[in-house]
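Undergrad: Attaching a single structure in C-alpha cells format; questions to follow.
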Amino acid sequence: MAINIFLFVWFYFLYDLGDRFFYTRHLLGSALAWARAPAAVLNFNCLLILLPVCRNLLSVVRGSFVCCGRTMRKQLDKNISFHKLVAYMIGLMTAVHIIAHLLNVERYYNSWHGEYDALSMALSRLNDSGNTTYLNPIRSTTTTPNLLVFTTIAGITGVIITLALILMITSSMEFIRRSYFEVFWFTHHLFIVFFAGLVIHGAGRIVRGQTNANPPYNITFCKDHIEDWGKKKMCPIPQFAGGFPQTWMWVIGPMVLYVCERLLRFIRYIQAVKYRKIVIRPSKVLELQLVKNGFKMDVGQYVFLNCPAISQLEWHPFTMTSAPEEDFFSVHIRSVGDWTQKLIRASMHDFCERSKMGVDGPFGTASEDVFDYEVAMLVGAGIGVTPFASILKSIWYKFKDSNPELRTRKIYFYWLCRETHAFEWFADLLQVLEREMEERGMGNFLTYKLYLTGWDQSHATHVMVHADADTDVVTGLKQKTNYGRPNWDKEFEQVCKENPTSVVGTFLCGPVVLATVLSKKCVKYTDVDPRKTKFYFNKENF
C-alpha cells in the first residue's frame with residue numbers, strides 16, 4: 001500500500017507540476033495527472049497480480065522460510081487474499097484511468113475546434129512535415145472522440161483490456177465461483193488477452209510531452225506570445241513526443257515466471273499416474289489412491305487434479321488424506337459441483353481406471369507446520385477434515401516407528417458434520433488411533449470430539465435407545481458424538497487449563513464464518529504473559 005501511495009503521488013505531481021508537460025496540462029487540465037498517476041499504480045499491481053498464483057514459486061519460497069519463523073509462512077498462505085486485493089486495486093485504478101482519459105479525449109476534441117483559448121487552438125494545430133511532433137492526437141476536423149478511441153492503438157487496446165477485466169472480475173464473485181466454477185475458470189484465462197493488450201497499450205504514445213529545446217525553452221514568456229513561436233530564438237516552435245512504453249518492463253519478469261510455472265505444470269501433467277484403489281464412500285465421497293514415480297509429499301499438502309475425459313482444461317485442488325510414510329497418495333472428493341459429480345459417476349462405471357488423470361503438486365499449506373507446535377487444535381468442517389486425516393495418519397506411523405523427532409505432545413481434534421454418513425469413512429482411522437494410543441499408554445495424547453449439526457427425529461430416537469452402549473451408535477468409537485455446535489469458549493478454556501505454558505497451533509479447514517470465530521478466540525485466550533498459553537491461528541486457503 002505504501003508503494004502504491006508513493007507511485008500515485010510521485011507521478012501525479014510529475015505530470016501536474018513538471019515543465020515538460022506544461023502545454024499538455026494546459027490542453028487537458030488536471031485530468032492529465034489523474035490519468036497518468038493511476039497508470040503508474042496499474043503497472044506496479046500488474047507486476048504483482050501473477051506472483052500469488054505461481055504455486056510452485058510459493059512452495060519454494062515457503063520452504064526457504066522454515067528458519068525465519070511462522071509469521072512469514074503464514075503470510076504466504078494468504079496468497080489468494082493478496083491476489084484479490086491486488087485485483088481490487090487494478091479495478092479501482094482502471095476506473096480512474098478510464099474516466100480521466102475520456103475527459104482528455106473530450107478536451108482534445110474541443111481544443112482542436114477552438115472552444116477554449118487561443119493557446120489551446122495553437123497547440124492543437126501544430127504540425128510538421130512528418131506529422132510526428134504534434135501535441136493533439138486529433139489531426140483533422142473529421143476525427144471525432146469515438147473515432148479516436150476505436151482507431152488508435154491506445155484506444156482499441158484500452159477497450160479490449162477493460163472488457164477482459166470486467167469479465168474476469170464479475171466472474172470471480174463468490175456466488176459464481178461456487179455455483180458455476182467453469183465460468184470462473186474459463187473467463188479468468190482472459191488474463192492472456194489482458195496482458196497482451198497491456199503490453200501494446202502504451203505503444204500508441206497518445207499522451208505527449210515537450211521535448212528538450214536548445215537553448216532552453218522559456219515557457220513563462222512563450223506561452224503568452226504565440227505569434228513569436230519560430231521567430232524568436234527563445235521561442236522555437238514547441239515540439240512534442242510520446243513517452244517510451246514502460247509497461248512491458250514492469251510485467252515481463254512475472255510473465256516469464258508464470259510461463260515457467262505453466263511449463264512445469266505441463267511436465268507434471270504428462271507424467272504417468274496409476275490408480276491403486278478407487279472407493280466410493282458413503283455420503284457421496286470418492287476416495288482415489290494414486291501412485292506417481294518420484295512423488296513426495298508432506299502432511300496437509302494438496303494437489304490439483306485434471307481428468308481430460310471430463311475436461312481438458314479444468315484443474316481442481318484437493319487436500320491429500322494419505323501420510324508421507326505411505327507408498328501412495330490419496331484424496332477424498334465430495335460431490336459438490338458438475339466436475340466432481342461427473343468424476344464420481346465415471347468411477348462407478350470403472351471409467352476412471354481406463355482414463356488418464358493429471359496431477360500437479362504437491363503444494364504447501366498452513367497444516368504443514370502442525371508438528372512445529374507442542375500442542376495442536378485441529379478443526380475440520382465436513383470434507384474439510386481431509387488435511388487432518390493426513391496428519392493423524394502420519395502421527396500413527398510416527399508412533400509405530402517410535403519416531404524421536406515428534407515434538408507434538410497433545411492434539412485436540414474437532415470435526416463438525418451435518419449428516420451421520422460423513423463420519424463413516426474417517427471413523428476407521430480414529431478407531432485405529434484410539435487403539436494404538438491405549439496400547440502405548442498414551443490415551444491422553446489425542447482428544448477428539450465429533451459434532452453432528454443436523455439430525456432428524458428417527459436418528460434422535462435411535463440414539464436415545466442406545467444411550468447406555470459402550471460405543472457410539474454413529475461412529476462405533478468410544479468417544480460419543482456430540483449434537484449441536486461446540487462451545488468454543490469452553491473448549492479454549494479447557495486447552496488453556498491443560499496446557500498453561502504451551503504454544504498452541506489452531507488449524508482450520510472450513511468456512512470463513514468459523515475462521516472468524518476461531519481467530520477471535522485465539523486472540524482472546526492468548527495470555528499477555530509470554531510464559532503462559534499462546535494461540536496461533538492457521539487456515540487452509542485454496
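One is the number of the first residue shown, and numbering goes on along the chain from there.
Just so it is clear, glycine is given a Cβ too, placed from its N, Cα and C backbone atoms.
In case it's useful when we look at the structure, here is the feature table from TrEMBL:
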TRANSMEM  42-65  transmembrane segment
TRANSMEM  85-103  transmembrane segment
TRANSMEM  147-168  transmembrane segment
TRANSMEM  180-200  transmembrane segment
DOMAIN    265-369  domain 'FAD-binding FR-type'
Undergrad: Residues of the same chain, at least six outside the transmembrane segment (85-103), with any C-beta under 8 angstroms of its C-beta?
TA: 4, 28-29, 31-32, 34-35, 38-39, 41-42, 45-46, 48-49, 52, 158, 161-162, 165, 168-169, 172
Undergrad: What parts of the chain pack near the transmembrane segment (42-65), using Cβ distances under 8 Å and only residues at least 6 beyond its ends?
TA: 3-4, 7, 72-73, 76-77, 79-80, 82-83, 86-87, 89-90, 93-94, 97, 191, 195, 198, 246-247, 250-251, 253-255, 257-258, 261, 264-265, 360-364
Undergrad: Which whole-number mean pLDDT does the model give the domain 'FAD-binding FR-type' (265-369)?
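TA: Reported value for the domain 'FAD-binding FR-type' (265-369) is a mean pLDDT of 82.
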Undergrad: Tally of helix, strand and coil residues over the domain 'FAD-binding FR-type' (265-369) according to DSSP?
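TA: Here the numbers are 25 helix, 37 strand, 43 coil.
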